[in-house]
Amino acid sequence: MASGSKPTSRVPTVHHMSEASNDLDSEMGSIEFASYTVHIPPTPDNQPTEISMDLRSASQRVEDQYASSSLFTGGFNCVTRAHLKEKMIESETSHPQMTGAKGSSCSIPGCDCRVMTDGRGIDIVPCECDFKICRDCYRDALRTGDGICPGCKEPYRETDSNEYAVALSSASMSKMDRRLSLMKSKSIQSKSIVRNQSNEFDHAKWLFETKGSYGYGNAMWPVDGMNGIEGDPKVFHEKPWRPLTRRLNISAAIISPYRLLVLVRMVVLALFLQWRIRNPNDDAIWLWLLSVICEIWFAFSWLLDQLPKLCPINRSAELDVLREKFEIPTPSNPYGKSDLPGVDVFVSTADPEKEPPLVTANTILSILAADYPVEKLACYVSDDGGALLTFEAMAEAASFANLWVPFCRKHNVEPRNPESYFNLKRDPYKDKVRPDFVRDRRRLKREYDEFKVRINGLPDSIRRRSDAYNSREELKILKRRRQAGDDEPLESLKVPKATWMADETHWPGTWTIPAPEHSRGDHASIIQVMVKPPSDEPLKGAEGDSNFMDLTEVDIRLPLLVYVSREKRPGYDHNKKAGAMNALVRASAILSNGPFILNLDCDHYIYNSQAIREGMCFMMDRGGERICYVQFPQRFEGIDPSDRYANHNTVFFDVNMRALDEVQGPVYVGTGCLFRRTALYGFDPPRFKERNGCFGRFFAGRKKAASVASASDISSLEGQSAMEDYDDEEMHIALIPKSFGNSSILIDSIKVAEFQGRPLADHSSVKNGRPPGALTLPRDLLDASTVAEAISVISCWYEDKTEWGGRIGWIYGSVTEDVVTGYRMHNRGWKSVYCVTKRDAFRGTAPINLTDRLHQVLRWATGSVEIFFSRNNALLASSRMKFLQRIAYLNVGIYPFTSLFLIVYCFLPALSLFSGQFIVQSLNITFLIYLLGITLSLIALAVLEIKWSGVALEDWWRNEQFWLIGGTSAHLAAVLQGLLKVIAGIEISFTLTSKSGGDDENDEFADLYIFKWTSLMVPPITIMMINLIGIAVAVCRTIYSVIPEWSSLIGGVFFSFWVLVHLYPFAKGLMGRRGRTPTIVFVWSGLISITISLLWVAINPPSGNNEIGGSFQFP
């Protein structure tokens, strides 16, 4: 297929219909109008029924199969093409949703193509005579054969099902329902189909459930009363509201002393600093001044870190209530279909050499097997490198999912990452009672081992295949030259070394040997639907569906899986990961348009199959429409038991993030986050304006929840204010195309996503909700024009002159785009939630090597420095951001600057030992009491933090140690790098040079002992050497002194010991496995230590000798 023109816009299907009173234009013209709600429950004459996939037209299903089986390419100044793929990998695929799944042979003589199949694997035939015909032959029959079926010789008759618009009830809209940030659709329509007349209606059940009444809120029994008819409270009893989440406050026995200790420590620090300023050390005024400046900054930094932690809370999700509300049969959902909103899961990868395809494939498998309605789940894989290796690895993963996903559903296994599941150290047979579990597990383990071997063999397979096809092409060209009589030498024959796919076609992405338009920064857009959208009804396995598993009672459907590689061209700034994520946002809006987005790194997989449901509990709960994202804590595997370099980050994830949950929400940390799509689109949250004065918000929670006001209840004053807001909103509506780009399908999808993302309006206290049962209808089928539109929105030119990356989507311009994106949402007034599940929601990997860990921290700190010097500085935040949230974001931008003071403070003990002076005049009782008070308060705060957060004492101590290690190395480099970039525009990088590793490659923690030299190690090594030399010099001087000054020695040695204890993990990392330290470490350390020592002796020679260098003389 080739499409040179822009695809026509499809009208998005929304399972809801609004009357004229909901139209924004009508609202602008008149506010005073009467409205009422009509609720028609199921009766013998009126039954909500489902749409069957079988009733859709054959042409629609053929188009869906064609769009799902084709690889689409396109981009800037090139035609969008659809390449029909018979296969994507060498092995055969059998699942009906898979690309390459073969149907019956075409019955047209001379045609070797296959008939298209639907989501159940059934052949799609356009004629009632069941004549087997492929798509191309069918189109030829329509175009050249006057629409005559080659089988029965009768004209084709389309079986398009009649669509009856069923007007759903729509209550009178309040002002907030008409706000642009909620994107109320002007004409929201719903499609339904007339029920099959053969279905019998259960009169007894209907009378029992409805009591023979049409229910409260219809035309005969309006909510607000009309024409003298009032509701009868004796007949109607509203069900009590059952919340989807619970807030668990910290015990007052823990949190009250914790807050009191914070206050006490603040007072002690203030008194201590006052005493230090008033009592200088006149004998070493420079030493006193440096120490006081550093201590003031440390107190300020501690205050920024501590204030947001005053109100920690815990939350829990009620999964049983979620299932009852959204998946249990009700009058509005008689078939019990899932009414949950759709979720699009994003997985990003860029380089198959640094991010092994097997790891990414396991992440994909865990997503496809997640416990969430199959038809509501979609997975998008962003390959920013455009590598065929990643493409075929994902195709292999999709093929293996045909076995893995049904196995997980049948036996309810956890985790649903096969690599982690088969490497579990616990008993895998615990709590398993099915007699076929052992057989299924054993055989699936063998299949997975073969799957791993295929993945590992893909690079060599692609290379051998490409070499063979390139050689064939060279022979063809050589043969043509000889036939043409061309006698040019063979050396002049230049044939591009292409990378070939399994179906003997060129790979449109990056070639192994780069060529023009086929390199990492220069290739076309690619979209391949690897697993097409599932059917609406469960698809049970047949006896022949699997070679070894009985799947007759298991739903074998798979979620939608799409491979996406955005276009890259020279001269364009592609904005790294943030640009790739924004491309996925646009492509997914065209193809599936899930109102919620879950983003995962390629090495972070779903460890808890119900994690998405737990996040959805917060989004669908009362007040959930104001939540922009649900952040899950990051948990890691493969870290050494001692966690030498604090890789788990438990203090950050279990203390800081949990405390922010009570303020305005945790910061976004880049992965494991469930987003509301409209929040990513840059819209403001719905604001419920209370006319209660400046203190109204503090008492709003105590007021009784009121029902949504109708238009006739709006007072004239509020109506006037509302009209002013509407004028602003209409202006923003006009600017939407300029902000989002020129895709009309993308713009139309915004309204649909906003409506589908609303909480369920199953109670009068739920404001701005959607009606129950609105999301039970099947999604639209794919067609070629839709996928072609998705190709256009991921082209490199699409973001030109739009607000993508500036206000919409992931924000550009920072290394830590995740923090900036979350900051922008909080700055607009959104809230976020921290979801800590009993079973870890996601798990990933983290670098356990010292050098890799330092470079990871360097990247984070560099991003924080960029934030501080940008418009995203919390000091410039809007009034919608709460004070403590502003403090938390301010700390995010300021914490790297602590390294400037920390490195000076780490040298002060050594300088004190060299000079024989101390930071105070003498170790008097006042100084010791203050020091004791500060230390004890810190210990007490740590103990209470451990109590309410559940952090282990060892994790807290490791965090303290790495705070000093990172502060004297990576944070310092980040500050210098940021200052040079801001002031002089110079960008520097810190690279790895030498590398030495352990001998045992089979050791699980072999990376822990790998030493890779980097310049980041110079400051900590120097600090250790100087402090050790200072202790030796001070001890020798004190012992041989006529009048020993033991107080200065004790003070200096104590603080030097404090520094060395914190740097112990760093020193241990330098020693490697058996204490072998590279020579370069000693060379650098020795040179710097000698230089500083000689400089000190030259500046401050021994007493009684005024010569530079003391009494030392050359012979």
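Just so it is clear, glycine is given a Cβ too, placed from its N, Cα and C backbone atoms.
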Segment assigned the feature transmembrane segment in TrEMBL (from 584-605, 1046-1067): 1046-1067
Listed range which TrEMBL flags as region 'Disordered', given the options 1-22, 45-66, 463-484: 1-22
For the UDP-alpha-D-glucose site built from S348, K354, E355, D384, K576, further residues of that chain with CB within 8 A of the site's CB center: T349, A350, D351, G385, K577, A580, C602
Dominant neighbour of the transmembrane segment (1021-1040) in 285-304, 923-944, 1046-1067, by Cβ pairs under 8 Å: 1046-1067
Spatial neighbours of the transmembrane segment (1046-1067) far in sequence, C-beta under 8 Å, 6+ residues away: 644-645, 850, 906, 908-910, 912-913, 916-920, 922-923, 958, 960-965, 968, 1020, 1023-1024, 1027-1028, 1030-1031, 1034-1035, 1038
Cβ neighbour count within 10 Å of K577 (Mn(2+) binding site): 20
Interface-richest range of 248-273, 285-304, 888-911 toward the transmembrane segment (923-944), CB pairs under 8 Å: 248-273
Tertiary contacts of the transmembrane segment (888-911), as residues 6+ beyond its ends and Cβ separation under 8 Å: 287, 290-291, 293-294, 297-298, 301, 304-305, 308, 656, 660, 663, 667, 819, 823, 826, 861, 864-865, 867-868, 872-875, 877, 881, 919, 964, 967-968, 971-972, 974-975, 978, 1019, 1023, 1026-1027, 1029-1030, 1052-1056, 1058-1059, 1096
Neighbourhood of D601 (Mn(2+) binding site), C-beta criterion under 8 angstroms, separation at least six: V347, S348, G670, T671, G844
From recorded positions K354, E355, D384, the one whose Cα lies nearest K577 (Mn(2+) binding site): D384
Protein Cβ atoms within 10 Å of S348 (UDP-alpha-D-glucose binding site), excluding its own: 22
Among E355, D818, the one of these recorded positions whose Cβ has the fewest neighbouring Cβ atoms within 10 Å: E355
Taking residues S348, K354, E355, D384, K576, which bind UDP-alpha-D-glucose in the record, the widest Cα spacing (Å, whole number): 15
